[in-house]
Structures are given as structure tokens and as C-alpha cells.
Amino acid sequence: MSTELPLIGDYSTPTAELSGARIGVVTFPGTLDDRDAARAVRAAGAQAVSLWHADTDLQDVDAVVIPGGFSYGDYLRAGAISRFAPMMGKIVDAANSDAKLPVLGICNGFQILTEAHLLPGSMIKNDHLKFICRDQVLRVENNQTAWTNGYEAGQEITIVLKNQDGQYVADEKTLDMLQGEGRVAFSYVGWNPNGSRRSIAGITNEAGNVVGLMPHPEHAIEAGFGPDHRGTDGLTFFTSVLTHLVGGKK
Amino acid sequence: MSEQTQAFNIDTVDNAAVTPEVELPWAELGLKDNEFAEIVKILGRRPTAAELAMYSVMWSEHCSYKSTKTHLSQFGKKVTEEMKKDLMVGMGENAGVTDLGDGWAVTFKIESHNSPSYVEPYQGAATGIGGIVRDIISMGARPIAVMDPLRFGAIDHEDSQRVVHGVVSGIGGYGNSLGLPNIGGETVFDPIYQGNPLVNALAVGALRHEDLRLANASGVGNKVVLFGARTGGDGIGGASVLASESFDDTKPSKRPAVQVGDPFAEKVLIECCLELFKASLVEGIQDLGAAGISCATSELAANGDGGMNVELTNVLLRDSTLTPGEILMSESQERMMAVVSPQNVEAFEAVMAKWNVEYSWLGEVTDDNRLTITWNGEVIVDVDPSTVAVDGPEYNRPYARPEWQDALQADTFRSSEAGKNLPASGEELKAAVLQLIASPNMCDKSWITRQYDRYVGGNTALASPDDAGVVRIDEETGLGVAIATDANGRYTYLDPYAGAQLALAESYRNVATSGAIPAAVSDCLNYGSPEDPDVMWQLAEGIRGLSDACMELGVPVTGGNVSLYNQTGDKAIHPTPVVATLGKLDDVARRTPSGWREEADGQAIYLIGTTKDELDGSEFANLRGHLGGLPPKVDLAAEKALGAILINASRDGMIDSAHDLSEGGLAAALSEMVLRYGVGARVALDEIKSRDGIDAFTALFSESQARALVAVPRSEEVRFNDMTSARGVTVARLGVVDAQSGALEVQGEFTVSVDDLREAHEGTMEKYFG
């Protein structure tokens, strides 16, 4: 089956793919940003492939995006139930395999990746205890990953931040390790919007194929609909992974 | 369980027929004696306990509109053929549906969830969002956005802490979890709403024409299914007891009458329903809101072509001790009822299994025109469904212009003590502007809006603080809609007829300001007790005013809701008809934002419309604690002309930004346009002062209607002036956008830095709610 289009509100002619890349977008019960992630994939020139949490077929995708939302209503703990989905088992195996499947976890997707132990640390409730939605400036700390190679090191980008449980925490040793090994992918610039340790907004695994972050690049890919209705800084995530897939950069 | 409860449980129709002497708690359930007598007459016997439960909720003010039906009919009558042209579904269904062209349609509706939100702010507000979203799904549409007009008591009252925090986090907690962008609303603080906050919720959905669904049960032998969350003991009698009575300190807490929401269940229900629609697996569908199963079964049956049999013990329960009457009245959230043909049962069950949604088959559609409900096979309800759902009581409640209305209108701001010593010098005017934009009603509300997700879906083209929320529907063409909600309780208190029209005028103007063509209206009429002739007069005048204005502006009312009994003791709220206007944009890329950016440097700023000395009921008068006189004059022809200018100028690229003038007048509009992107401006008031015969204070703070500020690129000025003069619309060139100054300069009067404006504007909500 090709790209699964939205049930209502669809437009039946997906744009011609600029590359043959197939990027999976996982939907759990309670996932909210799956359509947005699929749109971002298409905007970058790849084909979006819908992956259902209960299935076990990765459909030969070249990379996977785990989008944001409130999978399973954040019950128990954000991401704690979703990590046990059959599809997640396949994704974890593929990410750890020699092929090193590129995986991007956004917001709830980041929470799921930490629960699945693909990335260290965890997210707790924002320090101010409220949901927050704002246009957020980030600094690209590591531009050597599968999802960030199109950015300049140290580049500041503005994408959307929106979460309830976005405070990144880990023990001091892990934080030292992440910083020491250059595995902090993004830091918050200016105000730390949720109390994250060391202003960490996103991290990568050692191999650089798995990246997770709380802010939402998929909401900043189209002029007129992004941060303050014009920013497109998030599109580079999705073009980066295409570059990575054709062997352009790591 | 007591003996008595057991007996109550099995009150069958046969038992009722032979025990006419049994005392029933009809008064406790909110029925009046004449209403109970009418039920006995309809049935030819006393009702069973279960029937009594159904009639009591369905005949409540909230569900039956018994006090307003006679007035509301004007919305259906004052309609031209032209207004009906794009109307696919009008009032009376779950929500109205408007054709957008290209096979697309849009459905939207605004509703109140006022009383629950006062009793239990978080859950009350959350389930308000949940309920209105299910109305949208019931039409076969995908919900695409929500909005929430809110009215609270005084900002510094200690109870406002409880209510504001609870309501805002409830709306956020529920709406954010559904993946629906919150694109706007309003927030007003006024002590008049202290014990009766108004929490209105609007949802909008998009659908293809062929996906339209209606709530009716047709086809003998088709199956009736209840799916979604289980039925529990929450919200029992919410519609009859809570929403249809005034609050009174002497009565026990009503917390059990408030429903408890689970947004995750609702999100799954949305996706599950859309999958059912796509595969055409349901013949009719109805959400369960007020009056729960009573409403869903009786409305589906009454709107269908036959009757319905239901076995009530098939309902899946959270609490096994619920009586049949409680099951019928429960307002547990996240439930839907559908009618499914036998050949689709298997496919229906497969969709439920995919989404892990619980369901139970309750019964089937019959052709005997009766709604029959059994409990373990024993008949406990046997009624003509129309008598429950359609032919409820109807009252012509007495109404009369209040004795105090004349004195109120005579007490003008200028003639009052509060109207003395008005700001005149530059310094005084500057201080007044800063005071105005820091005031509770005019201050920046991003403390609220940043707790809502405005980006999800990737189709939000404008959101608060812009004049209207704009959402794209079709990614290929850019087709989309703009929606604005507005009301001014002070205006409506001063003149109920004009006030309702002014609410429509403002929302119409806001939609046009964004560049959209107004197409449909939904209203939420928030008033006090209809049993008070003063309030009833306000309501009758409001409906008359709004329906007249809709006719004149050519926008049909497609649905809405009436919320009465918003009063504590004998103190009613200001009459507050909240009007939502929906407009159409062929391409949302052309929408007009409400402020200028740096690259607009040097663009000309024009004020469209004329300014009169109209300060009664204004925000400035409110700053000085005065409320009296007459609200600004309604001029619907001028509103229409202004709207046409804004829409055409936007379409033809003549304006880059636009903002309507409403509460706070020119002072507020200028400040807000500067603050939108932090870019300054230089303006002068001389032209409008001499042309309109007013002083600087009046120019800045009058709330004359049918006005807007626009920024016009230099290259478009000739075309813009040609268009406005050809249409006979008055404009004045006030000045220019100044990206270097970092200030708003009102030449000859004062200069205020953008930083000072921002500090005043943004500090207030933070100060009170942190």
C-alpha cells in the first residue's frame, strides 16, 4: 500500500517524489502530528509511508519519524505504553542493526524513544507545570547526525515548541557524557522553556542515526503556516535524512 | 442497595398503569407541575421512573428551548433565497453545514458550558470542548479547529484564580490532546460574571459533500449501537438540574452533575468515526451530550421514519449499580450512537477492534413509531419519541422593558462624574493609552493562548491575537475559512437590540478584516433567568436584533445554543449574545494579518470609517467604572461597505495588514498593530479631528463602529484611494509604518516606545495568574 492519505481533508494527488526514499510515519492511538510529519516528508521530496503501531511490517522504509501527540493519553507516563507496541520492537531492532535505520522522535516521539532506551534520559512535567506553545529558538549543537547534516554547526533556528512534559532530565554522569561526546543535538537559546537540564532540547545516539527532540520541526516547513506564520527552519531535518540516505553526509 | 431502590429499578410500564398513586420525584428532576400533568396526559397513565427521567431531561430548558423557541423561529424566517444558497444543513441538526465550493463543505457551531465550568472549572471547560467536537463529528466532518470565548469575574477576585486556571487548563488539556488547533476566542473580565462565568466553545469541521451524515434512524431492522466510553454516574441531570436553574448558596454542591472527560478516548473516537464514514458503515449517527441516551434514542427515532427498540441492560457500564433512569440520564462523555445496517455489522465491529473502542448493540429500528426500552425484557419505556424530543413544552414567557432601562440610558458617560477631567494633554493621553492596553479586558492574552496548541494540523494561517482564526481546508487550492467570535455584554445591557447587532457587526468585521467573505453565523445566547420579565425582554430583543441584522448583512444563522439562568440569586449577567461568523477564503495565503512587519517600513496607514463621540459603554468608561448611556450606533450598511473594501483590498494585494477598531477604539487598534511584530508607526490625528469634529481624546478612545486600520504599500495607494472613493467609503491617511523609531508617535500629542507599550500590555495576566 502506498502513502495512506488523511481520511477526510485529503487531496488525492501526492506530489511526485524527488527521491525514491520512503519514510515511515508511525501512528499510535492518540498520535496527533502524524499528518504534519507526513506533509514534512513530502515537502522534502520523499514518500511518506503510514505505519500502524499494531503492525509488524516496516514496509521497507528507509527512515522512520515517530511524531508528536499524546499516545495512549500519556497514561502511566508519556511514551511508557507506546514503547511496547509491536511496531516499536521492529523500529528498535532496525535502529540498532548494522543498517542503522534513521529514526527521528519528535515530542511524544522523543519520549517514546527514551522509554524504548534508544536514547538516554527522560522527560518530566515542565517546571512551570503548564502546557506551553511558542516559537522557540534552538542552536544546532551537532550537525553530524542523519537528521541534522544540512544545518551549520552553531546555527540558530526557530521552530515550534508545544508540550506539557518537556523537561529533559538525566543523571549528571549521563549529561556529562552527552555533552562530552557531542551528543547534544539541540539546545534552547534564550529562555529555557521547560526547565530541561543544561538547556537540552534534543539528543542523538552514539551512531547519529537516532535523534529525539521536544520541539516540532514538522510545524516549520511551509511558509505561512510555521512559527509566526512564516518560518521554514524545520524542513532541513527532512532534507538532511535524504542527503544521509544517498550517502552525502553521515 | 435499599428496598426502595430495587423497586425503583423495575418500575415497568405495566406497573405504572396499575399504580397511579405512586409519588414520583418530578419536582426534584426540574419539572413544573403543569409539565408533569402534560406527561401524564400524553401517556394516559403516570410515567415510569425511566420515562420520567427521559422527559425531565429532554423537557429541560437546555434541551427543549421551551422559553426561546417562539423567539428563535425568527432566525428561520428572516432569511432570503440568496442567504440559503450555500446552506446545506440549517438549524436543528447537530450543526449547520455550509457549501464552500469544489465539493467541500464546512460545519461549525458554538455552545455554552457555563454552569459546569463554574462548579468544576477544569472538567466543565474540558467537556465543553469535547461536546462541541462530537457535534461536528456527527455531521460526518473532520474537526479542524476550536475557539473559546471566555468571560470571567473580576480579575482580582480570589475566586477568579480557581476559575481562570481551571478553565484555561481544562480547555488546553482536552483540546491539545485532540490535535485540534485553538485559533482564537476572547477573554473578558467583569464582576457581573463572578458567580456565572461564561465558557463558550466553538468547533469547526470540514467535509466532502458526499460525507455528510445526519442524525436519524431509518430502515426497519437496522441495528442500534452505542460505542465509545462506558456509561457512568457522572453528569446525571446535568442539563436539567445544572444548566436550567439559577445558582443558590443554600442548595447542596452540584459537583456530581458535572461530567468528567477523557480526551484520549475522544481522539480515538474521532479517528474511529471518520473511518466508519469513509467506508459508509453507518446510516445515521448521533453524539451523546446533554441528556445522554435519552436524547440520542429519542432524537434518532423522532428524526427517522419509524420507531426503535432498545434493551437497556446491554449498555456497558462503569458502575453496575446505576438504575435504568440514571443510565438514561447519564452525561458520561466520549460516547456515540449509530444506526448500522445488518450487512455492515461485521465491518463495523472490525473498525471498533482496530481502534480498541468498546461497543454494544442495544436494539434495532422498528416501524411502530414507538420508542420502546426494556430492562431484562420488561418494558420500562414506551413512548412516542416525538413527544420526548420534538413536541416539548413551549412557553410564551412574559417580558417587558425594565423600568430602569430609561434611567440607565440617560446616564451618559459625558454627563457623569466619571466623564469629568478627561485626558487632554499629550502626557495624559499617553498615560491613558498605557492604562487602557494594560487593563484586564484589553491586555495581552498570550498567558492563555500559549497554553493552547495553535499549530497542530499544519493548516493554521492566522490565530489569536489576529482578528480572526484562519484555517486551510484544501492544501491544493488553499481553500479555507476564517472565524471570529465576538460579544459585548456592556453594549447589550445598555441596549439589548443594538448590542446583539453590534456583536454580529464586530465578528463580521473581524472576518472581513482577515480577507474572508462572511458566509454563516452561529450564536451562543447567554442570558439570565427567562422567568424574569426584564431578562426575557433582553432575550427577545437580542434575538430580534440579531435576526434583523443577519438578514441585512446576508449571513444566515446555521445553529447555536441558548444558555439561560446565568444568574446568582436575582442578579443576572449582562445579556451576552456571543456571535461567531464564518467566512470563506479561496486561498488562505491571501489572508491579512493584524500587524505590520519590518519590511512594511514606510507603508501608509489609513483609517477607514468615521469617528463620532461614542464613549458610552466603552472600555475607557469601564476603566473609570462607568456604565450607562447608549452603545455606539449600529450602521450595517457601513459595515457591509467596509467589509467589501477589506475583502477586495486583500484579494487584490492593496493592503498588507489590517485590524478592526472595536473595544478601546483607535488607541487599542494602533497599539495592537504596533505590538503584533514590535514595529513602530508615526501617525497624526489632525485630519480626523477636523473632519469628524472631535478632539484627540475622542479620536483615540471612541468606539464608533464600521472602522478599520489598514497598512497600504506606497505602490498601491492610488488604487486603494480610487476604490474607497468609488465606493463612497470615508478614509483618512493617518501616517506611516516606521521600522526605525521603535515607537508609536502620535504627532503633536505623544510618543511611546514599543518597549513601554509591551510592558504595559503583557504584564497584566502574568501579574494575576503567573
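A Cβ is built for glycine as well, from the same backbone N, Cα and C atoms used for every other residue.
As written in TrEMBL, here are the features:
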- A:Cys107: active site, nucleophile (ACT_SITE)
- A:His216: active site (ACT_SITE)
- A:Glu218: active site (ACT_SITE)
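Cα of A:Glu218 (active site) to Cα of A:Cys107 (active site, nucleophile): a span of 11 Å.
Long-range Cβ neighbours of A:Cys107 (active site, nucleophile) (same chain, at least 6 residues apart, Cβ-Cβ under 8 Å): A:Asp33, A:Pro67, A:Gly68, A:Gly69, A:Lys162, A:Asn163, A:Gly166, A:Leu213, A:Met214, A:Pro215, A:His216.
According to its DSSP assignment, A:His216 (active site) is in a strand. Cβ-based neighbour count (10 Å, all protein chains) for A:Glu218 (active site) stands at 32.
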